[in-house]
Amino acid sequence: MAADMKVLNALDSAKTQWYHFTAIIIAGMGFFTDAYDLFCISLVTKLLGRIYYHVDGSSKPGSLPPNVSAAVNGVAFCGTLAGQLFFGWLGDKMGRKKVYGMTLMLTCLCSIASGLSFGRDPKTVMATLCFFRFWLGFGIGGDYPLSATIMSEYANKKTRGAFIAAVFAMQGFGILAGGIFAIIISAAFEACFKSPAYQVDPLGSTVPQADYVWRIILMVGSLPALLTYYWRMKMPETARYTALVAKNVKQATADMEKVMQVDIGTEQKEPAVKSGNEFGLFTKKFLNRHGLHLLGTTSTWFLLDIAYYSQNLFQKDIFSAIGWIPAAKTMNAIEEVQKIARAQTLIALCSTVPGYWFTVFLIDRIGRFTIQVIGFTMMTVFMFALAIPYHHWTLPGHHIGFVVLYSLTFFFANFGPNATTFVVPAEIFPARLRSTCHGISAACGKLGAMVGAFGFLYLAQPQDKSKADAGYPAGIGVRNSLIVLGVVNLLGLFFTFLVPESKGKSLEEMSRENEDSTEEGAEVENHSSDNRTVPV
């Protein structure tokens, strides 16, 4: 049945048209905001520590207590995990389009609200921030399965991987925009409100106006997505959902004729309303067909995000450890934001953004599997290259080499599993379970992000407790933490072999919905021949 639908064949064979790029921009702006909101918190955590947790007489500026830091950095991930599971399931039940607007509006509202707070007491401010960042994450979580599924169902066979990867690549621009905006705002405030370094004047180094800096940075992320809300609401439901799940081929054809501006033609006969092959997620048939695929997509995303988010969220700590960012006491509060943002922007510009777009250009040429294998392999190599001679990298004059290798691990994360783990789950599962399975895979990724985000806070502490940050127990040190991350990447490489290659194949071919329709057609034919009374 799926194989014979003109509308699906038209989508698979369609030339790249303006509506493809429109869909990329509409879906991509959601990811731009998602990345901006998730990663900009790492730019302002040290500022929050200086403003709300200053200790009189301390030789070092105030910093967030371990439990507060873990909550501020990780609460959005908890929300994202819940949102991926909930909206992934809802996208298969209600349709992609109906749920798509909800996620964007929730993300935008909570992005603005996270810059507000009730009162000036540290506990009140942090509680408000964490509350709204949880619901911000919940909205962001819905964007993962819905954006990937919508883009995969709109795209043609030939360039589907590039289109889905292009949506995800907007994350790179979101991270970059967060860094650039933080540099601009901090430079503006620094010029207007001069203040001495912490070691000169501990209290005077944090001007009262610094409290506006973090709020503005957090709130501005909602603007790009708000601009695309109207167009997101105008998008029709995907043809594959309308035809294969809602069973309305006529409506699917009409929608796509309008979008593609071509005459597809109506089907000669309406397909059967209910297929006997429509197995559910928790069935033996799903386990036999897609069980290993789901294990592959969930495990690789989980392992990738442990390494990826522990690096990304805490790169400012790594830069400080190797001396690339000056000691906190030698800077004032706003200057420190500027230095951290500058370092993260440089990494995004030189490795994160190029890595994403290398994937976009090559994914339909060399395939998802090859890119993921290359990515995990090179991440493992570079992580061990950073870890084993770690003392060498901390010596004066060797910092540039460390940053280059560190940037290369980011490049091969993005030209590798960070992009492919997002693409593949949107291609290999049946239409009626596609959004759910992508949500499950993405949620496992966020579970890995939480392990990386929370675990690295403690693991990377020095082994000598007296040198650890205030409130933290002794850890295993940055060197040993990097070795652990190298092993995690190696495991990701092994689990990649469970994931099938989907390059150049239709969604129905990958999910084996074509086989279902063939089996169903054979059953109908046999049934009708059994009822004949006159031989033909």
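From the backbone N, Cα and C atoms, a Cβ is placed for every residue, glycine too.
For 21-48 (among others), the entry in TrEMBL reads transmembrane segment. Within its own chain, the transmembrane segment (21-48) has Cβ neighbours under 8 Å at 61, 63-64, 69, 72-73, 76-77, 80, 103-104, 107-108, 111, 114, 126, 133, 136-137, 140, 143, 147, 150-151, 154, 163, 166-175, 177-179, 182, 210, 213-214, 217-218, 221-222, 224-225, 227-228, 231-232, 235, 312-316, 328, 333-334, 336-337, 340-341, 344, counting only residues six or more beyond its boundaries.
Residues or ranges marked as domain 'Major facilitator superfamily (MFS) profile' in TrEMBL: 23-504.
Taken from TrEMBL, the feature transmembrane segment covers 68-87 (among others).
Sequence-remote contacts of a segment are chain residues at least 6 beyond its ends whose Cβ falls under 8 Å from one of its Cβ atoms, and for the transmembrane segment (99-118) they are 30, 33-34, 37, 83, 87, 90-91, 124-125, 128-129, 132-133, 135-136, 138-143, 146, 150, 214-216, 218-219, 221-222, 225-226, 228-229, 232-233, 235. The transmembrane segment annotation in TrEMBL covers 99-118 (among others).
Residues or ranges marked as transmembrane segment by TrEMBL: 162-189 (among others). Non-local neighbours of the transmembrane segment (162-189) in the same chain are 20, 23-24, 27-29, 31-36, 39-40, 43-44, 147-148, 151-152, 154-155, 207, 209-210, 212-213, 216-217, 220-221, 224, 334-335, 337-338, 340-342, 344-345, 348-349, 352-353, 355-357, 359-361, 363-364, 414, 419, 422-423, 426-427; each lies 6+ residues outside the stretch with a CB under 8 Å from one of its CB atoms.
Annotation comment: TrEMBL describes 212-231 (among others) as transmembrane segment.
For 346-363 (among others), the entry in TrEMBL reads transmembrane segment.
Residues 300, 304, 307, 359, 362-363, 402, 405-406, 408-409, 412-413, 415-421, 479-480, 482-483, 485-486, 489-490, 492-493, 496, 499-501 of the same chain lie 6+ residues outside the transmembrane segment (369-388) yet bring a C-beta within less than 8 angstroms of a C-beta in it. What TrEMBL lists as transmembrane segment is 369-388 (among others).
If one looks beyond the transmembrane segment (400-419) by at least 6 residues along the same chain, the residues whose Cβ comes under 8 Å of a Cβ in the stretch are 165, 168-169, 172, 300-301, 304, 307-308, 311-312, 315, 318-319, 322, 324, 347, 350-356, 358-360, 362-363, 371-372, 374-376, 378-379, 382-383, 385-386, 393-394, 492, 496. According to TrEMBL, the transmembrane segment annotation covers 400-419 (among others).
Here TrEMBL flags 439-460 (among others) as transmembrane segment.
Annotation comment: TrEMBL describes 481-500 (among others) as transmembrane segment.
Among residues of the same chain six or more beyond the compositional bias 'Basic and acidic residues' (504-515), those with a C-beta under 8 A of the stretch's C-beta atoms are 2-3, 8, 12, 152-153, 157-158, 160, 240, 244, 289-290, 364, 427-431, 434. For 504-515, the entry in TrEMBL reads compositional bias 'Basic and acidic residues'.
Annotated region 'Disordered' per TrEMBL: 504-536, in sequence order.
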Long-range environment of the transmembrane segment (481-500) - Cβ separation under 8 angstroms, sequence gap at least 6: 292-293, 295-297, 299-300, 303-304, 306-307, 310-311, 368-369, 372-373, 376-377, 379-380, 383-384, 386-388, 390, 417, 424, 428, 456, 459-460, 475, 510
Outside the transmembrane segment (439-460), six or more residues from its ends: residues with CB under 8 Å to it: 66, 69-70, 73-74, 77-78, 80-81, 84-89, 91, 141, 144-145, 294, 297-299, 301-311, 313-314, 317-318, 421-422, 425, 472-473, 475-478, 480-481, 484
Distant-in-sequence neighbours of the transmembrane segment (346-363), which means Cβ under 8 A and at least six residues beyond its ends: 161-162, 165-166, 168-169, 171-173, 175-176, 179, 315, 371, 403, 406-408, 410-416, 418-420, 423, 503
Composition by DSSP (helix, strand, coil) of residues within the compositional bias 'Basic and acidic residues' (504-515): 8 helix, 0 strand, 4 coil
